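Per TrEMBL, transmembrane segment is recorded for A:12-32, A:103-123, A:144-164, A:201-220, A:265-284, A:304-330. The domain 'ABC transmembrane type-1' annotation in TrEMBL covers A:97-323.
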Amino acid sequence: MRILRFVGRRLLQLIPVLLGVVVLTFLLVRVLPGDPIRSILGPNATEADADAARARFGLDQPIWKQFLDYLGGLVTGDFGTSIQSGASVTGEMALRLGPTLELVFIAVSIAIVLAIWLGIWSARRADTVGDHSVRIFALFGNSIPEFWLGLVLILVGYAALGWFPAPSGRVDPDTNLTPLTGADLIDALITGNGPAISSSAAHLVLPVLTLVIGVLAPLLRSVRASALEVLRSEAYAAAAAHGLPERTLLRGYLRRATLVRLPSLAALVFGTALGSTVLVEYVYSWQGFGQWALRGLLYRDYPVVQASVLIIAFAYVLVFLIADVVHAWLDPRVKI
Amino acid sequence: MASLEMLPVVSGTKDGRFAKALIYVGSGILIVAALAAIFAPLLSSWGPKEIDPSGTLAAPGGEHLLGSDGNGMDVWSRVLHAARIDLGIAVLAVALAVVVGTLLGLLAGYLGGWVDDVLMRIVDIFQAFPTFILALAVSALLGGGFFNLVITIAAVNAPAYARLVRAEVRTLREMQYIEAAKTSGASTLGIMWRHLLPNSLTPVRVIAPLNCGWAMLTLAGLSFLGLGVTVPTAEWGSMISLGTSDVVAGRWWTSVPPGLALLVCVLGFSLLGEGLQERADAKSRR
């Protein structure tokens with residue numbers, strides 16, 4: 001019950017933030033220079049053509065009317081019509097979210113497992129050569145430009161060794177994969193399309209690896225820091241002084257206490273991954289949410305910009321909320 | 001029980017030595033990078049925008065030390081000259097973010113009330129986005145160019161400093177020396193300037209170098225996507241972007257060198273920041 005009340009209160013707190021995001025995006029995209037209509041019409045269009053197009057997208061209305069229309073649509077889950085493609089933004093977005101979530105989800109999962117393992121390993125050897133190497137590795141991971149790392153992996157994995165497919169999509173079109181969720185590996189598994197399974201898996205390796213390295217570094221540092229804190233705590237010292245076996249200490253005391261921090265770390269890293277995925281998708285021509293949102297921004301496609309900004313903000317704050325709930329559930333000391 | 005010896009006993013001296021090494025190596029890298037930026041014209045025989053019509057995509061060696069790109073421009077010269085823009089924008093942007101963020105945090109933290117409420121709600125909206133996404137959106141709307149990029153990167157970072165300083169000020173303002181200053185008749189402005197500002201900057205000093213590295217990555221990422229600095233201006237991110245098709249064709253020299261330069265510089269900031277952090281931690285443990 002307390003958890004429900006907590007979630008309710010937090011959701012209420014989100015409303016002003018998200019409303020602020022909605023208003024700010026709506027205004028900024030219109031106030032700042034750039035015209036979505038001119039970019040679809042081409043250079044030879046007359047002023048009358050432009051006016052007609054504006055009327056078609058409702059851009060001739062006063063701004064408060066446009067805003068009310070937009071809000072009215074939002075309530076029913078309708079994000080409007082893309083000016084660039086003329087298609088429904090909700091539909092386009094649904095197609096684009098799958099591929100991106102597939103990438104982010106796989107990469108973040110791998111990074112979390114690796115970070116826990118390496119971080120605890122490193123903390124138990126604090127101030128030894130092994131620990132210092134892990135930390136230097138984490139510093140490298142923190143400092144490496146992901147998009148460049150992606151290119152280096154392409155150079156090695158595709159151009160030099162030829163082990164992985166060219167960075168030009170998510171699956172070989174010859175496999176005739178039926179799109180269901182947009183996440184190609186999952187679609188291939190559901191439809192039992194053998195060639196598509198291996199093709200989409202092969203296409204996933206390099207982009208996932210790129211994201212993992214970028215995401216692993218900050219996670220690793222945090223896991224190491226919180227494991228160190230546990231190791232230096234009195235509770236752990238007491239347990240160790242009682243002569244508990246090594247395995248019990250590691251599993252029952254160290255790993256569990258460190259894991260309690262994980263939800264908030266994962267949430268933070270989710271945000272980093274969302275940012276990185278825009279670059280990684282660009283490098284590998286992934287055609288996901290990031291590339292869609294980027295195109296929308298570049299062409300000032302108002303409905304696309306509004307929808308993608310709102311969805312990212314919503315996903316981000318929601319992930320933090322989930323993290324707090326899971327944290328409270330894992331750690332009995334947390335009062336919510 | 002051998003493994004018990006591996007348990008971390010706080011070893012101040014060894015800790016300190018690693019921190020010191022990090023700080024020295026980090027600053028060393030940054031000094032070299034700054035020197036390379038300053039003396040770039042002396043270190044290269046081609047201009048950063050000079051086109052060699054007879055030598056597009058020339059392999060390294062020969063006339064072009066690191067080869068030339070698809071436009072026939074010298075990669076080595078451009079890598080060196082790009083350090084000016086990349087370091088310049090990153091450092092300026094972080095400085096601006098620190099100044100603006102600190103001032104806002106100071107006001108919000110010390111004055112409290114509606115000022116605090118309004119400022120923190122704005123910070124909330126900014127922090128509802130992953131930082132790179134925010135930078136992407138702001139720069140797509142604001143446009144590229146040197147000053148717009150400084151403003152974009154500063155705007156994205158300032159809220160974090162505001163929050164940091166605000167938290168610090170809120171603990172500081174309960175301290176007795178602030179009470180003492182108040183009773184001895186110091187003005188609000190005087191307290192903020194003389195007592196709160198210097199003391200609330202402690203965490204900022206550790207974060208700022210790390211933030212500079214992040215700013216460089218952001219700048220290069222934006223340019224890579226075509227939103228930041230554009231060709232022909234020498235900038236690492238746009239150079240990497242220009243070489244994308246070369247990479248697929250197996251030519252390494254147009255994209256790899258600028259990325260390496262970027263990695264090394266960011267690493268310099270990371271090492272410095274990590275060292276400072278380690279030293280601060282060691283101090284607070286003692």
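The backbone N, Cα and C atoms fix where each Cβ goes, glycine too.
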Original post:
Sequence-remote contacts (6 or more beyond its ends) of the transmembrane segment (A:304-330), Cβ cut-off under 8 Å?
Top reply: 3, 6-7, 10-11, 14, 17-18, 21-22, 25-26, 29, 70, 74, 79-80, 82-84, 89-90, 92-93, 259-261, 263-264, 266-267, 270-271, 274, 289, 292-293, 295-297, 336
Subject >> Residue numbers, six or more beyond the limits of the transmembrane segment (A:201-220), whose CB comes under 8 Å of its CB atoms >> reply: 102-104, 106-108, 110-112, 114-115, 118-119, 122, 134, 137-142, 144, 146, 149-150, 153-154, 157-158, 164-165, 167, 169-172, 184-185, 265-266, 268-269, 272-273, 276-277, 280-281, 283-284, 286
Subject >> Non-local residues, at least 6 beyond the ends, that sit with Cβ under 8 Å of the transmembrane segment (A:103-123) >> reply: 130-131, 134-135, 204, 207-208, 211-212, 215-216, 219-225, 227-228, 231, 250, 254-255, 258-259, 262, 266, 269-270, 273-274, 277, 280-281, 286, 288
